[in-house]
Amino acid sequence: MIPIAGTAVLTAAQMRAAEEKAIAAGTGVDTLMQRAGAGVADAVRRLAGVNEVLVLCGPGNNGGDGYVAAARLHAAGPSVRVAASAEPRTPAAIAARALWTGAVEPLATAAPAPVVVDALFGTGLSRALDTDVSTALNRFVSHANLAIAVDLPSGIATDDGALLGDLPAFHVTLALGAAKPAHLLQPSAVHCGAVRLLPIGVTTDSDVRVLSRPDLPAPAIDAHKFTRGMVAVIRGRMAGAAQLAAQAAMHAGAGYVEILGATIPGAPHALVRRRCDDSALADPRIGAVLIGPGLGRDDAARALLDQALATDRPLVIDGDALHLVTPERLHGRPAETILTPHAGEFAALFAASDTDKLTAARAAATRANATIVFKGPDTVIAAADGRAVLSPAASSWLSTAGSGDVLAGAIAAMLAGGGTPLDAAAAGVWLHGEAARRLGPAFIADDLAEALTGARA
Ligand SMILES: NC(=O)C1=CN([C@@H]2O[C@H](COP(=O)(O)OP(=O)(O)OC[C@H]3O[C@@H](n4cnc5c(N)ncnc54)[C@H](O)[C@@H]3O)[C@@H](O)[C@H]2O)[C@@H](O)CC1
Ligand SMILES: [K+]
């Protein structure tokens, strides 16, 4: 049972292909199911202690994992019962069913237990749950002190995170072999609870990974302020937003941060204030220009955006600027671009799409030839080359004014520090989430910017 941070994320088809490759190399599906069931039994034993366990088994291989786990739990001592929604159908699940020598109760009439293990459906779910199944599942979970899902909570779509039924929320989900998009995308992720990976000896490879703590070493012994990264934040109509972003860039580790625009006197005194003209933007020491926080959407804002787009410096585009730019204008840029839209800004920039958030972000990244940070409770970071990083949900207290300005500043600092756009964006998202975690409830964006220092520690 290991954390999913940094691990590969596979779709149902990619997982099946990985399984087939393992089978072709000599590891049978029964062996894989034994490994999965043994891993589930081990995890359940550790989490459930001496409490009675009810394992719910479906007709496919997810159910097969459940029968193996139940048999192993029984052999290890805890009190176990099994309830099934249907007879097993696959050869591996039929063989696994034969290992369970106890009764198999009907789902509709089985009594609840303090610990429920859901092995009804996994990656093979192909349509909405029948009402009687979802009613029973809700009944068991509502009566349990601990609800554990095998691979995925039954009723969520593996690849896009859609809910295919009226689902309860689980405490723990044991991802078999690899994390799946549904463990991270909403609305399904919130139903998974804590997700832990159970490796089953299948080689998993993917362009998509789960966000992990970035490797951010202290500055080299001979570092100076410009080698640590210089960030230029373009100030627009609302001075406070640019100031927050600039403070975030400083606390995230940039060595030199300046605000370009009409000056705002006062603290922090380490913040440099300068006029926004072409010569300021042409400074070759600038590692990242940030435009958008509090920019406004008027002609003055458009002129500032034109100036920013004309530079050959790496650029982070946030907030209002996302309403003024078009994907096509970014194509010819001679330097990297990172866009940080929330759902509304994403729709304004790329038009609403009915695909899932991961697919939409990857398509947008290719279209704009930029790295996209598609923000929300399931932030997706996508690079133009197809790679992507999925962030587990961060603190819901991040839903506060100025939080996005802080994120944009943190990302600009990471980009100026020399990371690739994908790594810089991922590091900024991680620092932002970690700062929020450290702050606990009801912080304000100013606190968040300052807390980036501690998050880097
Ligand atoms: N991919 C792998 O490497 C491994 C997968 N294993 C397990 O296998 C699972 C996938 O197994 P399957 O492909 O058999 O799929 P599932 O066990 O998820 O379910 C598929 C079965 O359910 C039926 N079904 C689908 N949606 C339904 C609905 N809404 N109502 C009623 N019936 C429905 C299908 O007709 C099929 O019979 C994984 O989630 C995992 O638990 C493990 O056994 C070991 C290795
Ligand atoms: K399941």
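Glycine is treated like the rest: Cβ placed from N, Cα and C.
Note that TrEMBL annotation is computational and uncurated.
Per TrEMBL, the features are:
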- 61-65, 122-128, Asp151, Ala241, Gly294, His342, Asp405: (6S)-NADPHX binding site (BINDING)
- Asn62, Asp118, Ser154: K(+) binding site (BINDING)
- Lys375, Gly376, Pro377, Asp378, Thr379, Gly404: AMP binding site (BINDING)
- 15-208: domain 'YjeF N-terminal' (DOMAIN)
- 208-457: domain 'YjeF C-terminal' (DOMAIN)
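Taking the binding-site residues Asp118, Asp151, Asp378 in turn, the residue surrounded by the fewest other Cβ atoms inside 10 Å of its Cβ turns out to be Asp378. Taking only the Cα positions, the spacing between Asn61 ((6S)-NADPHX binding site) and Asp118 (K(+) binding site) is 13 angstrom.
Only Thr123, Asp151, of the binding-site residues Thr123, Asp151, Ser154, Lys375, place a Cβ under 6 Å from an atom of ligand 1. Within the set of binding-site residues Asn62, Asp118, Ser154, Lys375, Gly376, Gly404, Asn62, Asp118, Ser154 have a CB atom less than 6 Å from some atom of ligand 2. Within 10 Å of the C-beta of Ser126 ((6S)-NADPHX binding site) there are 9 other C-beta atoms, taking all protein chains into account. When secondary structure is read from DSSP and collapsed to three states, Gly404 (AMP binding site) falls in the helix class. In this structure the alpha carbons, written CA, of Ser126 ((6S)-NADPHX binding site) and Lys375 (AMP binding site) are 29 Å apart. Cβ neighbour count within 10 Å across all protein chains ranks Gly64 highest among the binding-site residues Gly64, Gly376, Pro377, Gly404. Asn61 ((6S)-NADPHX binding site) carries a helical DSSP state (H, G or I).
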